Amino acid sequence: MPTYRTSPPGKLNLFLEILGKRDDGFHELDTVMVAIDLRDELSVRPIEPPEISLSVDWLPSRSAIADELGVASDASVLDVPADPSNLVHRALDLVNQASGYRGGWEVGLGKRIPAGAGMGGASSDAAATLRLAAAAIEDLARSPASDRVRTLHDADLKSMAEQLGSDVPFFLNPTSGLARARGRGEKLQFFDLPRSHEFVVVYPGVALSTAEVYRNCHVSDPVRTGDVVIDAFCNEPSTISEKILYNALQSTACGLSPQVGEALHWLADTSSNPCLMTGSGSASFVWLADPNDSGRTLAADLVRTRDQRTNRLSEQSGPEAMIAEGSSVRSGGALIRAVSTCMAASEILIA
Ligand SMILES: C[C@@](CO)(OP(=O)(O)O)[C@H](O)COP(=O)(O)OP(=O)(O)OC[C@H]1O[C@@H](n2ccc(N)nc2=O)[C@H](O)[C@@H]1O
Ligand SMILES: Nc1ncnc2c1ncn2[C@@H]1O[C@H](COP(=O)(O)OP(=O)(O)O)[C@@H](O)[C@H]1O
């Protein structure tokens, strides 16, 4: 059987308001998201033995990412489960149940999107898995040699995406542009973006649990609306400012992890452009006002200040203190990436 591949994108929330708490424990949201070109790499191949074999690696390597974060390469912040708790694994279980496929899957997952960052890496991997596995099942259904399998339709994928997580339906739609998500995140409306937007993202080397951030958050009163942000990005980029980018979870996340607030201050000190935390954190981003600015200059400035701080701390406290588990912006480490909004659909490659 062939291998099916794609590159699941990350996302940034440009606006997030909490409208209320529901009886099922979830929060009613109004959020505006864009997919960005920081991407994981996912390959899925149907195999005969009825097992799911999943290998997960950091790209370019775990030690390279650990160096950037200033943590030891066995630090738990870099642990991504390769067991049934990985959303890729759970997505394949749902596909098998729905399609009646009785074989197994060999899966390779290369991570670039930091975990627990508010960038939706796990959700995007899960949505991409549903799309790849559905394409494989469709091919299997056509093959006379195979067991009977049921082809999966868009409605099946949507229902499975909702079971996997609130953010997963957003990533099922591989189009570019900007999305408004309401309900618990599954009620989606897509808008065309006339041009791409550039950002610099900073991940401070601490993972935040989405559930814990929501547990500690407050329902807003009065509530803001995402209309203003949608209009600004789609029609009036000159009106994008610190005042309209908003995330109701930001103060809760800063309270749970000082590194989140430190990263936001660091961004504000280095750039005059608006900055905001994404999702439930821990990553933050700067939006670059000039569409011709590649973000590389700001990213290079941030890397320089990060490395100066790393060297200073290393001289003060020695290298052992630098690589202590959990050290992050405090000790100089942070992932810094210049990213753009995705302007093209994520393709499925078959080989
Ligand atoms: C905050 C957001 C913003 O886009 O993104 P991330 O920071 O996770 O990327 C999302 O709302 C996260 O969506 P997702 O990561 O799929 O969360 P889920 O697995 O559905 O939920 C994890 C937990 O978060 C809480 N939760 C999630 C969504 C929501 N609308 N209300 C909630 O209260 C619930 O306690 C739930 O058990
Ligand atoms: N495919 C995956 N990639 C990354 N993390 C995963 C994956 N599947 C499950 N997880 C677990 O989900 C947690 C949060 O996932 P992630 O989507 O990266 O964060 P966020 O909700 O902040 O966007 C991780 O800490 C990890 O333990």
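Going from the start of the chain as shown, residues are counted 1 onward.
Keep in mind that glycine also has a Cβ here, set from the backbone N, Cα and C atoms.
TrEMBL: automatically predicted annotations, no manual curation.
According to TrEMBL, the protein carries these features:
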- Lys11: active site (ACT_SITE)
- Asp167: active site (ACT_SITE)
- Pro114, Ala115, Gly116, Ala117, Gly118, Met119, Gly120, Gly121, Ala122, Ser123, Ser124: ATP binding site (BINDING)
- 86-171: domain 'GHMP kinase N-terminal' (DOMAIN)
- Query: Taking the binding-site residues Gly116, Gly120, Ala122, Ser124, which residues show a Cβ-atom distance to ligand 1 below 6 Å?
  - Reply: Gly120
- Quick one: which residues besides Pro114, Ala115, Gly116, Ala117, Gly118, Met119, Gly120, Gly121, Ala122, Ser123, Ser124 have a Cβ within 8 Å of the ATP site's Cβ centroid, in sequence order? Gly10, Ile113, Gly279
- Query: Under the DSSP assignment, what numbers of helix, strand and coil residues are found in the domain 'GHMP kinase N-terminal' (86-171)?
  - Reply: 50 helix, 8 strand, 28 coil
- Message: Need one number: mean pLDDT over the domain 'GHMP kinase N-terminal' (86-171).
- Response: 95
- Message: Can you go through the recorded positions Lys11, Gly116, Gly120, Asp167 and pick out those with a C-beta less than 6 angstroms from ligand 2?
- Response: Gly116, Gly120
- Task: Looking only at C-alpha atoms, tell me how far Gly120 (ATP binding site) is from Lys11 (active site), rounded to the nearest Å.
- Result: 6
- Item | In sequence order, the binding-site residues (Pro114, Ala122, Ser124) whose C-alpha falls within 10 A of Lys11 (active site) | Ser124
- Note on the structure: Among the binding-site residues listed as Pro114, Gly116, Ser124, within 10 angstroms of Asp167 (active site) by C-alpha we get Ser124
- Task: Run through the Cβ atoms and count how many others sit within 10 Å of the one on Lys11 (active site).
- Result: 26
- Return the residue, from the listed binding-site residues Gly116, Gly120, with the maximum count of other C-beta atoms within 10 angstroms of its C-beta. Gly120
- Item | Pro114 (ATP binding site), number of other Cβ atoms within 10 Å | 27
